[in-house]
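Quick look at what Swiss-Prot lists:
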| type | residues | note |
| --- | --- | --- |
| ACT_SITE | Lys14 | active site |
| BINDING | Pro98, Met99, Gly100, Gly101, Gly102, Leu103, Gly104, Gly105, Gly106, Ser107, Ser108 | ATP binding site |
| ACT_SITE | Asp140 | active site |
Amino acid sequence: MSAAISRNWPAPAKLNLFLHINGRRTDGYHELQTLFQFIDYCDMLDFKVTDSSELILHSNMAGVVADSDNLILRAAKSLQQMTSFKGGAEIWLDKRLPMGGGLGGGSSDAATTLVALNTLWNTQLSTAELAKIGLKLGADIPVFIHGFAAFAEGIGERLQVVSPPEPWYLVIAPDAHVSTAEVFQDPLLPRNTPKLAIDTLMSQAWINDCQKLVVSKYPQVAKALGWLLEYAPSRMTGTGACVFGEFTQQQQALAALAKLPSDMQGFVAKGMNISPLITRLNHP
């Protein structure tokens, strides 16, 4: 008898509420201080456990390649190898988040895959063990696995749970693909922001050290940010291209969205300090 499909596992987007670059390490990675918060805008994944060890991925979006390099498949394969689980899975991805926009969609998909399959395969790894697997696949995967808004240091792997305000956001996804690698390799990127204590960082104005460089190189990002700043305090998330504005009320964000120029794409979402993935995990 075939296993039932376990449905509606969310892979939420994240925002970097601030992003400071403190220096460059000898291995080429950058020392960061950043604040991660989730939003209730998610990719959705369904899983079916199979007797075969094969891993099969389906997606609603062209360009999400179902090959061995896909982060979802790499995450599932890593969990198989770590636990010696003999079965496999068929996975369906409903891709809703913009790709390569600084919202962490690929990392979130991988994290949800690890959390869901650890439950469905009954492999019983701890959250810390799952995060260790995730870190080998991407520096920001652990924050999605832990599922709490967090202040992050190092290359983003040292996490401290925090509870920033949970406003409404209008997120705009400019029609531009910003290469994270190119941003971090650019000689004009600021790399000397002083490290500060978390209490100091939480109480001062929040900025993104990548924003000025990206805005100067990508006119689509500059246009979106300039438009959004007319309505709310706004900045870029990650290395872009997505930008977000903060609103205290949902109707304020929706009113701004209604005025969005036709050549821009956007959505309204709520800030969340507890990931929808944690809620799904606790209510199977």
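Count begins at 1; order follows the chain as displayed.
Cβ from N, Cα, C; glycine included.
Owing to the predicted nature of the structure, the values given are computational and were not obtained by experimental measurement.
Between the listed binding-site residues, namely Gly102, Gly106, the fewest other CB atoms within 10 angstroms of a CB are found at Gly106. Rounded to a whole number, the C-alpha distance linking Gly100 (ATP binding site) with Lys14 (active site) is 12 angstrom. Cβ packing within 10 Å was compared across the binding-site residues Gly100, Gly104, and the lowest neighbour count falls to Gly100. DSSP assigns Gly104 (ATP binding site) to coil, not to a helix or a strand. Distance noted between the C-alpha atoms of Ser108 (ATP binding site) and Asp140 (active site) is 8 Å. Cβ neighbour count within 10 Å across all protein chains ranks Ser108 highest among the binding-site residues Pro98, Ser108.
In sequence order, Phe36, Gln37, Phe38, Ile39, Leu103, Gly104, Ser108, Asp140, Val143, Phe144, Thr237 constitute the residues six or more apart from Lys14 (active site) in its chain with CB-CB distances below 8 Å.
Sequence-ordered, the extra residues of this chain that approach the ATP site, with Cβ no more than 8 Å from the Cβ center of Pro98, Met99, Gly100, Gly101, Gly102, Leu103, Gly104, Gly105, Gly106, Ser107, Ser108, are Ala13, Leu97, Gly238. Packing around Asp140 (active site) is summarised by its Cβ count: 23 other Cβ atoms lie within 10 angstroms of its Cβ, all protein chains included.
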